[in-house]
Each structure stands twice: as C-alpha cells, then as structure tokens.
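TrEMBL annotations:
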- B:22-42: transmembrane segment (TRANSMEM)
- B:49-77: transmembrane segment (TRANSMEM)
- B:97-116: transmembrane segment (TRANSMEM)
- B:123-145: transmembrane segment (TRANSMEM)
- B:172-191: transmembrane segment (TRANSMEM)
- B:221-246: transmembrane segment (TRANSMEM)
- B:258-280: transmembrane segment (TRANSMEM)
- B:292-309: transmembrane segment (TRANSMEM)
Amino acid sequence: MSASLAIQAEPRVVLSARGLGRDFAGFTAVNDVDLDVEHARIHALIGPNGAGKTTVFNLLTKFLQPTRGSITLLGQDITHTRPDKVARMGLVRSFQISAVFPHLTVRENVKVALQRPAGLAVQFWLPLSALDRLDARADHLIGQLGLARWRDHRAADLSYGRKRVLEIATTLALDPEVLLLDEPMAGMGQEDVAMVAGIIRDVATERAVLMVEHNLSVVADICHHVTVLQRGEIIAAGDYAAVSADPRVRTAYMGSEA
Amino acid sequence: MAAKSETVASDHVAAHPRAGQVRLLLVAIALAGLLVAPMFLYPIFLMKLLAFALFASAFNLLLGYTGLLSFGHATFFGGAAYFTAHAVKVWGWSPEAGILLGVAGAAVLGLVMGAIAIRRQGIYFAMITLALSQMFFFFCLQAPFTHGEDGIQSVPRGHLFGLIDLNRPMNMYYFVLAVFVIGLLIIRRFVNSPFGMILKSIRENEQRAISLGYSVQRYKLGAFVMSAALAGLAGGVKALIFQFATLTDVTWQMSGEVILMTLLGGIGTLLGPIVGAGLVVTLQNYLATSDVPVTIITGVVFMVCVLLFRRGLVGEFFATKIGKKLGFRAES
C-alpha cells in the first residue's frame, strides 16, 4: 500500500461530499458523511449490512436528493443536479441488483451506452443499421471483459456473474471520470472475482473508482483508501491497514458478522 | 465450460432461415388484398377500417413500444379531425394541406398533454391524460369553430394535389390506403431506429437508462408527440372519409376504444393493432344494424380475450411454434 501511495504525487479530488445526510420519515439513513474520491485511486466504502452504503451511492449519483450537505463533481456543485445530467458529467454508477437490459443482447447492451456519446440517440428517422459503426468499440469492450463468446446472447440468459461483468462493460463504455460500483463482485465465483479485480485495477489507472464491497480481501488487495460506514455514519477512514486496526471497525464487524 | 449451457434454450425456437422471405410474401399478399378489396367490399367501410387501424397503430407506439398507457388519445384523433375539417371547409385548403394541419395540431396537443403527464407513471399518467382529454372535450363542445353538438358537416374532399378528385370513392380509397401504408412505414422506422433502441432500453430498465445519462422524460415525450401526430394523421383522414368531424371522436369512449383495439390485437407488434382495429370495426359494422347492443358484444369479446389470449390475438399467434418459425417477435 505504501508503495502505491508514494506514486500518487499530488492527489486530485474529483468527487467530494461534505456533511452529506438523508432522512427517511424521521429515520436518519445517512448522517454527516464526508468523502473525497481521488483521480486514479480506488476508494472502498465498506460497512455492515444496512450501514447506508447504497444510500450514499444513491445520494452521490443524485438518484436520491440529500436532506443535508453538498456534493462536488469535478469542481462543480451537483447537489441539485438531475441524475441523468450527473451521468453526462462523468459520474457513472452500477447497481447492487444487476442492471442490464434483459431482452437486449450483450452487444446491444453496450451499444445503448455508446449511443449517447456518439450522438446517435435521437435519430428516429435512421435505420438501426446506423448503429453498426458502434460495433467495433462495443466488441472491443466486450472482448476486454472476456464476454466475446456471449456477444449475441440476450443479457437475461447470462449467468449472474457475467451480468455483473456486462454491467461494468456498459459503464465503461461511457468512459466516465468517476466510476461508482455497487458490490461489483457479489455473487461471483473466485475466478471471476480475480478477473473483475484486475479490470477495476486497470480502469482505475485513468479514472477514480468508488466501490462498495464486502469481499475484504479484494478491498485489502486493490483499494488505496477505505471508508467505513456504520449506521449511516463514518467510523473510520484511511488505508486498509489503518482501518482494519481500528478497534471500532473490529467491533462493528465482529458484531455484525459473528 | 460449454457456452451452450449458458443459454436458456427452453422456449427458444429458431426462425426458419427463409422466414424473412415468407414474411415479405405475407406482407405482399396482404397489400394485394387491400388493393383489390374495394371491388368486393364497401369502400367507406374499408377506409374506416384503415383509419382506425392507423389510429390503433399510433396508440401502440406509445403503449407497446414505450410502455405508457394514455387514456386521452381521442384528443389527437378527434382534434385533428376538427382541424382538418375546418381548414378544408372554411379556409378552402387542399386535402393534403388540411391533413398536415391536423397532424401538426395533434402534435402540439400531444406536446402539451405529454409535457404535463409524462412526469407521472402508471395509473397516474393514465388519469392525467384522461383529465386533459376531458378538458379538450369541453373545449370542443364550447368553441365556436367546432359547432358544438352539430360538428363540422359536409366537409369537401377536394382534389389531392389539385389533380386527383377524391370525391370518387376509388380515388379516395387508394389515397387512404397510401396514407395508411406511409403511416405504418413511419411507425416501423421509428421503432427500429436509434431512438427506438433507447425507448426499448428505457422500457427494459429505466433506472439503468438514467444512469447511462439518458433524460428518459424527453425520450418518452418524443414518443408521445410522435404517437399523437400519427393519431392526428388518422383523425384528419377520417374527417375526409366521412366528410364530417364530430364530438364523438373526442370522447373518452373513443380513447377507450383504441385501447381495446390495441389490446385485442396484441401490443408491441406492428400487426396487432391493425388486426384489433379490424375486428372491432367489423363487429361494430355488422352489429350496427342488428338489435344486439354493440358495446355488450365488444365487451364480451374483450373479456374473452383478456381471459384466454393475454397477449392479444396476434401476440398469441407469434408465440406459437409457427409464429416463431416465421421469426415473428413481440416486444414484451
């Protein structure tokens, strides 16, 4: 960890939250969360079930409106920006429950993501073959993530793990500045976990990644920075070694996972 | 690691390699049938059928391909009928200009209604469209140019492009058929376009579409306006066929009727609404002269369909082995 920290000469914060909070009918799901996600780093958000990790994701991507606090993306305040606009600004997320377009093929799934940046999303007068020029880029991404063999299969027919990989491929198709991955490895076999970890490490060389992950060995392995959430509040933050040594983190995990 | 084991092979019947040719042949036969039909059947009846088939197809663009249930499509159909009738009769416009005005008017109405309704989903969306179309109904009842209960009567059909006399039934029939075919080609292209692909992805997973940066409300509004404009095309043509525009075409019953036609035939298929419209119009036509109340019969037919053919007549056919062999597919 210390080696990779040294490489990072001047950290550039691309996504930050200050005093982020969200109440649901009197229940405080997330409270006073400060986060700084840096370019070319992998930032993990961990914590026991129900700690509010996905809520934080929903707040950051503006799928939920925060009750308190502010969010800044690439120097711009996005506290009151619509979610689709946030995505266009370069903050793209994946979902905890795999989010693919089930009746589209693997290739079509990726192409839907490519359509908007290519300016091919509103042409109702052109035939579908107008999208053929996205094939090469889509196939490249599909190949990169090892899905080439399933290119023409419907997404609904893929195994769970491959659906997650497809989701990452679709997300990467947008070439986002900041990538938010909600449990990208949940439900995956060991080989797939290693592969996806490798992919995430690769993509993080030129963009920021914030991921929710339960697999702590993956977190220890690839994440530069870890934030621990419990009952909607941050109880520890730092690199993995520091965080895992924190007594409060140990109690939180022992309490929930014993 | 057999790739085959990954695919769910169960209800998957591969299309026959020459299915495309067979489908093309079927379309050609249907078109040929429509070309010779007025020699055997009453042209007005056939034209009514085509107009409603186009109306239902326009409606299906929204329900079947966008997943929005509008309960106010009579506004666009009946509204366009008024616009066309008024332009042709009072202003003396040519029939093609009158119809285009109807289409434009319906598109504007669609833009207004869509912009208000699109923010809500499901039943709330349907209720808002119903409420707005009722407002439009009362507007049509009160506005001077619609002539209230009388409607706009004896609308002249005129000469198409100043050349073709539409007062001759055969000319009028082939004009309506041409409009119908063009309307369907527009719908077909719209569905199978880059825009249609985004609509499909929104219908499949709206949250994911948002997270990919698509402002889904704008896409839905686009589909709504397109559907309204095409419903207007059907309405404008209808005004010329019957040579009048009345309040009947803007009632909520008309909105309900087009839903019935589309569901009967099968949503999410190009053919479904056409078959549904054909069935309903034919039933109405044959029962109109009998003592049996039409609405009861269509109601019973609808109930039977809902109970037995969930996917509609065409949808059920597409789901059979023969349908799959022919490569037909309904949008689910």
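Using the three backbone atoms N, Cα and C, a Cβ is placed for every residue, glycine included.
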Candidate ranges B:22-42, B:97-116, B:172-191, B:292-309 - greatest C-beta contact count to the transmembrane segment (B:221-246) (under 8 angstroms): B:97-116
Residue numbers, six or more beyond the limits of the transmembrane segment (B:49-77), whose CB comes under 8 Å of its CB atoms: 34, 106, 109-110, 113, 117-118, 122, 125-127, 129-130, 132-133, 136-137, 176-177, 179-180, 183-184, 187, 190-191, 196, 199-200, 202-203, 220, 223-224, 226-235, 237-238, 241, 249-256, 258-259, 261-262, 265, 267-270, 272-274, 276-278, 280-282, 331
Considering the transmembrane segment (B:123-145), which listed stretch of B:22-42, B:97-116, B:258-280, B:292-309 counts the most C-beta pairs under 8 Å: B:97-116
Close approaches to the transmembrane segment (B:97-116) from elsewhere in its chain (Cβ under 8 angstroms; 6 or more beyond its ends): 72, 75-77, 79-81, 83-85, 87-88, 128-129, 132-133, 136, 158, 179, 220-221, 224-225, 227-233, 235-237, 239-240
